[in-house]
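What follows is one structure encoded as structure tokens, with my remarks underneath.
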Amino acid sequence: MTDLQKKGSYPVAEAGLQSVSDLDDDDKELEALGYVPSFKREFSNLATISFAFSIMGLCSSVATTFNTPLLLGGPASAVWCWLLGACMCFTLGASIAEIVSAFPTCGGLYTATAQLVPIKHRARMGWFVGWLNILGQVAGISSTEFGLSNMIWAAVVVAKGGDYEITQGKVVGLFVALLVLHGILNSFATRHLARFTQGFVFVNLGTTFLIIICLLAKTPRHEMHAAKYVFGSDGIVNQTGGWNTGIAFLFGLLSVQWTMTDYDATAHISEEVRRAAYAAPSAIFIAVIGTGTIGWLLNIVLVLCSGPLENLPGPSGSAFLEIMAMRIGKPGALFLWTFVCLTAFFVVQTALQACSRTVFAFSRDHGLPDREYFGHNSSLTQTPLRAIWLTTFVSILPGFLDFASPVAANAIFSLCAIALDGSYIIPIALRRIYRNHPEVQFKPGPFYMGDGLLGWAANINCILWTCFIIVIFSLPNVRPVTKDNMNYASVITLGVVILSGFWYMVGGHRHYHGPRSNLQDHAHDAKANGSITKEPVDDAA
């Protein structure tokens with residue numbers, strides 16, 4: 001009998017049924033968590049690491065958000081906020097990795113949350129974290145695709161020498177078309193997705209290093225900014241219109257926090273990963289360290305070669321692209337920009353795959369009022385096609401905010417960080433709060449920081465840091481505050497939390513009782529087809 005069977009989390013033993021098929025260690029671990037393997041494990045170590053790097057999309061994510069620190073807090077904000085945020089993200093990434101190692105299921109931290117609290121709280125906490133996590137993932141898909149659409153149109157403006165008008169219709173239209181394309185690509189079988197994903201990391205990091213080298217090589221030494229501008233007080237420029245300089249400086253955290261989020265995306269494909277308990281958390285940790293370190297170097301070089309601040313963001317609206325065009329020349333900049341856009345394309349590809357698996361897991365656990373309709377795998381591709389297209393459709397909706405207000409559309413960037421990071425710290429905190437509860441027996445996976453000073457320090461630090469940045473990201477970026485520049489991220493997040501809570505009280509509690517084992521259902525179906533044998537379960541095992 002497994003540990004979870006002993007704890008009463010899943011009534012597997014009652015079925016008294018065992019599959020006669022030989023399961024590898026990964027699938028045995030998944031069955032111990034209460035689930036029948038639903039996917040083919042096609043992701044190798046390289047593909048998994050590439051997936052983890054690609055979900056952050058270093059150069060494209062920096063390109064998308066570089067305007068915020070540069071134009072609100074100044075050049076020094078871009079440099080120091082990245083370093084500060086990256087160091088804090090190391091602790092969050094490590095804390096997530098040890099939970100993913102213990103619960104390698106496609107439900108990720110949503111499934112883990114319900115196992116880290118007493119039985120009476122499992123349904124409520126699973127429901128709350130599940131919806132918060134899905135909200136953050138949808139916001140991440142939408143914001144990245146929206147940023148990619150703007151990046152492509154920015155390239156058109158530069159190519160035409162600034163003589164081109166970008167309308168909201170063009171941006172949203174391209175946004176929708178790109179998301180539909182991603183839905184189609186995600187509909188392929190897992191083996192194709194794994195092969196496709198393997199090369200992402202080389203494009204992502206290779207493009208970043210090429211940009212760094214080209215900028216340094218093409219910028220004359222006398223035109224590079226002094227160290228006091230890059231790292232010192234000369235580079236702190238408050239352009240918020242009313243916030244004090246300290247708050248303006250901290251707005252620079254949006255870039256690093258938006259880039260270094262969605263850590264648990266790798267967990268959501270863990271049922272498709274070989275040696276998931278090792279590979280998934282290791283990939284998260286490696287990607288966090290690599291993205292944080294290389295990203296800081298990229299920000300330093302961008303500021304060093306940025307030229308006069310008053311000339312940015314330029315006609316294209318992208319300070320990143322204007323700096324490249326100024327230093328490398330228009331043809332070279334547009335050539336490299338193609339790969340930056342390709343990196344953003346990879347981010348959405350991986351993010352949509354991860355989010356669809358979360359929707360699949362939530363539906364499988366009866367978290368949606370769909371009678372497991374979206375918790376179904378296609379017999380043709382062995383992937384959740386219904387969940388993929390539901391995720392695609394829902395991710396399109398936030399893009400239409402651009403018709404109401406560009407500021408409202410930009411709120412989905414902050415919304416992504418608020419919702420995702422908020423859903424991360426809840427299971428991290430619960431694991432510590434209920435560590436001695438008799439109904440909660442956390443069984444560490446291979447990646448584990450321990451219960452000593454290191455583990456506690458990392459957990460507490462990431463919880464406090466996330467609470468802090470949620471406050472910062474809820475503030476309007478400029479003052480005075482009007483309906484046109486209001487930051488709607490906190491309003492949307494709070495609205496979803498309230499609506500999901502109301503839904504749970506009214507009807508959700510009737511069909512959702514927390515993550516549920518599907519072993520008995522599978523055993524019953526298999527028995528009906530004559531493909532299993534009934535054997536007594538050894539309770540002493």
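Cβ atoms here come from the backbone N, Cα and C positions, even for glycine.
As annotated by TrEMBL, region 'Disordered' applies to 519-541. Positions annotated as transmembrane segment by TrEMBL: 46-66, 78-100, 134-159, 171-190, 196-217, 283-304, 334-362, 407-430, 451-475, 487-506.
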Under 8 Å Cβ-Cβ from the transmembrane segment (283-304), and at least six residues away from its ends along the same chain, one finds 45, 48-49, 51-53, 55-56, 58-59, 62, 66, 70, 75-76, 78-79, 82-83, 86-87, 89-90, 93-94, 96-97, 100, 205, 208-209, 211-212, 215-216, 219, 224-225, 229-230, 235, 255-256, 259-260, 263-264, 266-267, 320, 323, 447
Best-packed against the transmembrane segment (134-159), counting Cβ pairs under 8 Å over 46-66, 196-217, 487-506, is stretch 46-66
**Cβ pairs under 8 Å between the transmembrane segment (451-475) and the transmembrane segment (334-362), at least three** = no
| query | So, do the transmembrane segment (78-100) and the transmembrane segment (407-430) meet, by the test of 3 or more Cβ pairs under 8 Å (sequence gap 6 or more)? | reply | yes
Long-range Cβ contacts under 8 Å made by the transmembrane segment (334-362), restricted to residues 6 or more beyond its ends, are 38, 51, 54-61, 63-64, 105-108, 110-111, 130, 133-134, 137-138, 140-141, 144-145, 147-148, 151-152, 155, 158-159, 178-179, 182-183, 185-186, 193, 196-197, 200, 203-204, 206-207, 210-211, 214, 262, 264-266, 268-269, 271, 320-321, 324-325, 328, 368, 374-375, 377, 384, 387-388, 390-392, 395, 515
